[in-house]
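Marked as transmembrane segment by TrEMBL: A:12-34, A:63-85, A:106-128, A:148-171, A:219-238, A:250-270. Positions annotated as domain 'ABC transmembrane type-1' by TrEMBL: A:57-270.
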Amino acid sequence: MTSARTIPWGAVPFFAFVTVFLIIPVIANVWAALTPAGQLSTASLTQLAEPQYADAFLMTTNLSLVTALLGGILGLILAWALTVVNRPAWLARLVMSYSALASQSGGVPLAFAFIAALGSQGLVTVLVTDVFPGALDDFRLDSFWGVALVYLYFQAPLMTVLILPALGALTQQMSEAAQTMGASRLRYLTDIALPILSPSIVGALLLLFANSFSAYATAYALAGGGLNLVPIVIGFFLRGNVMLDESMAAALATGMMLVIIIAMGIRLLIERRSRRWQLPSNS
Amino acid sequence: MAASVEFLTTPTGTPAGTGASRARGAGRLGHGKRTRAAGRLHVLGIVVLVMAMVLFFTPLIASAIFGFTLPGVGLTFASLSQAFSNPMAVQAVIMTVLLGLLTTAASLALLVPTIVYLHLRAPRAAKLAEALSVIPIVVPAVALVAGAGVFFRAVAPGFLVSPYALVPFYVIITMPLVYRALDAGLSALHLRTLFAAAASLGASPWRTLIGIVLPNLRAALLSAGLLCMAMVLGEFALASLLLQYTFPVFLVETGAAAPRGAAALSFVTMLATWGLLALISLISAAGNRRRRTPAAAPSVTSTAKEQP
């Protein structure tokens with residue numbers, strides 16, 4: 001082979017496009033984070049440890065943990081219900097299709113739908129306060145738990161969609177074999193089902209975590225600038241609402257990418273391991 | 001759906017479509033194995049499903065009622081028409097539709113020839129291209145804007161001012177899904193055979209691509225296009241941070257002053273987005289069914305195989 005043939009000329013436009021609009025911006029980000037005043041320095045990155053930025057990372061992490069764990073639990077329960085209910089079939093089919101759609105929702109429309117339901121004038125708010133006056137006085141959609149609740153609307157069905165294939169791989173033979181050998185249902189769950197499912201569950205939770213960590217539109221539409229989340233703080237920098245250097249926004253964005261890359265990297269490793277379990281049981 | 005990751009999350013295959021249908025298949029598998037229990041109703045399971053349905057529908061129904069009724073008036077479109085009395089509203093909708101169409105066109109024009117070429121000529125580079133195509137999953141929209149701002153302000157300061165500067169970035173954030181949808185569609189075709197057969201009949205590679213490959217790729221092209229439209233319809237972070245006035249940006253602005261109008265628009269938008277996504281999974285389900293029946297296997301490929 002000559003050297004000319006080893007270069008895939010036909011794919012050059014694609015690689016050039018990805019380089020200009022994705023790779024270089026990412027590198028520019030890291031570069032800007034490392035060169036605050038035109039000179040190589042870790043000043044911006046160390047500034048991330050200052051209370052206001054550290055708090056943003058802490059709050060975003062908390063929000064992501066809470067919505068990943070609660071969403072994970074709810075999603076697992078829903079996935080379990082989907083595998084055990086076969087009658088009425090239309091109900092299971094409806095919930096399945098709806099979960100797939102809801103898992104992709106989010107953004108501005110979802111935020112306003114929740115404001116219509118649970119905002120201060122929302123329909124559910126009015127209904128509940130009619131029956132239990134004052135019950136929702138402390139609840140606000142633009143608070144931490146308000147945003148967390150809205151995130152659960154897509155996090156829980158996302159967990160369901162992610163975990164269903166793994167649940168389907170648990171075969172009836174496995175539970176029957178365990179029963180034959182005298183295992184209780186609890187024993188089957190803790191010693192067989194959970195160990196087999198755990199890589200898939202942890203992998204899905206990491207994806208939920210990353211999903212919530214990078215979400216911007218939903219939180220912005222709900223809370224405006226009121227909530228100290230990393231994507232919203234970066235947004236403030238970029239809109240020019242905060243008179244500070246570009247390098248700080250770049251440092252925040254770099255930190256954010258780092259968190260997500262770590263979460264997704266662990267997920268990739270776990271997924272490779274879990275494939276060992278799933279392949280034989282599928283056949 | 002401003003957060004691209006929200007969309008991308010479905011694990012493998014074309015997201016909304018294949019992920020859903022795969023999961024559904026797994027569910028059905030489970031049912032088959034539980035034939036003993038088939039006769040009775042699983043009460044606890046049904047309770048969970050019904051509760052899930054109620055919770056799923058609550059915000060949707062609330063936004064419909066909140067947006068399309070007024071106290072003392074009943075059903076009305078007043079809130080909706082009031083939102084559209086803003087002269088910027090129509091402009092924002094047109095801009096968003098235009099961006100969706102341009103993104104679809106740019107995405108297909110870039111990716112289809114590239115993936116065909118990689119399949120035929122450079123399988124090793126294909127692995128690299130596939131790996132690159134999923135990188136946007138770990139780059140949040142906010143981070144992409146930050147980096148793009150740094151780079152383009154230094155190189156081409158005027159570029160980010162135009163609303164059409166959003167198109168290449170939309171191509172990037174839709175790429176993980178669109179690339180996989182097209183790659184899966186093209187892998188199902190016998191590309192080498194098709195191109196060899198067409199070449200033996202004297203067709204140029206471009207003519208083969210347009211006359212033979214594209215018609216056989218209809219389902220994948222349609223899915224990819226609908227995906228682009230659905231994502232652009234909901235994209236907020238890039239448009240808002242690059243100071244462009246698209247539909248989601250208009251929606252946030254409206255919401256501050258007119259929550260009922262925003263609720264009505266949100267209801268319509270959610271239905272439209274879900275309609276697009278449901279269409280994708282219908283298309284991919286129909287495609288799978290066709291592929292499974294041997295008689296209906298792509299007729300072009302079966303005839304092409306007989307050619308030397």
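Even glycines carry a Cβ here, placed using N, Cα and C.
Just so you know, TrEMBL annotations never went through curation; they're auto-generated.
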| remark: The answer for the transmembrane segment (A:148-171), taking Cβ pairs under 8 Å and residues 6+ beyond its ends, is 63, 66-68, 70-72, 74-76, 78-80, 82-83, 96, 98-100, 102-106, 110-111, 114, 118, 141, 193, 196-197, 200-201, 203-205, 207-208, 211-212, 215, 218, 222, 274, 277-278, 281-282
| message | Quick check: do the transmembrane segment (A:250-270) and the transmembrane segment (A:63-85) share at least 3 Cβ pairs under 8 Å, counting only pairs 6+ apart in sequence? | response | no
| Contact call for the transmembrane segment (A:106-128) and the transmembrane segment (A:219-238): at least 3 Cβ pairs under 8 Å, seq gap 6+ | yes
| query | Taking a Cβ cut-off under 8 Å, which residues six or more beyond the ends of the transmembrane segment (A:63-85) line up next to it in the same chain? | reply | 91-92, 95-96, 99, 144, 147-148, 151-152, 155-160, 162-164, 167-168, 201, 204-206, 208-210, 212-213, 229
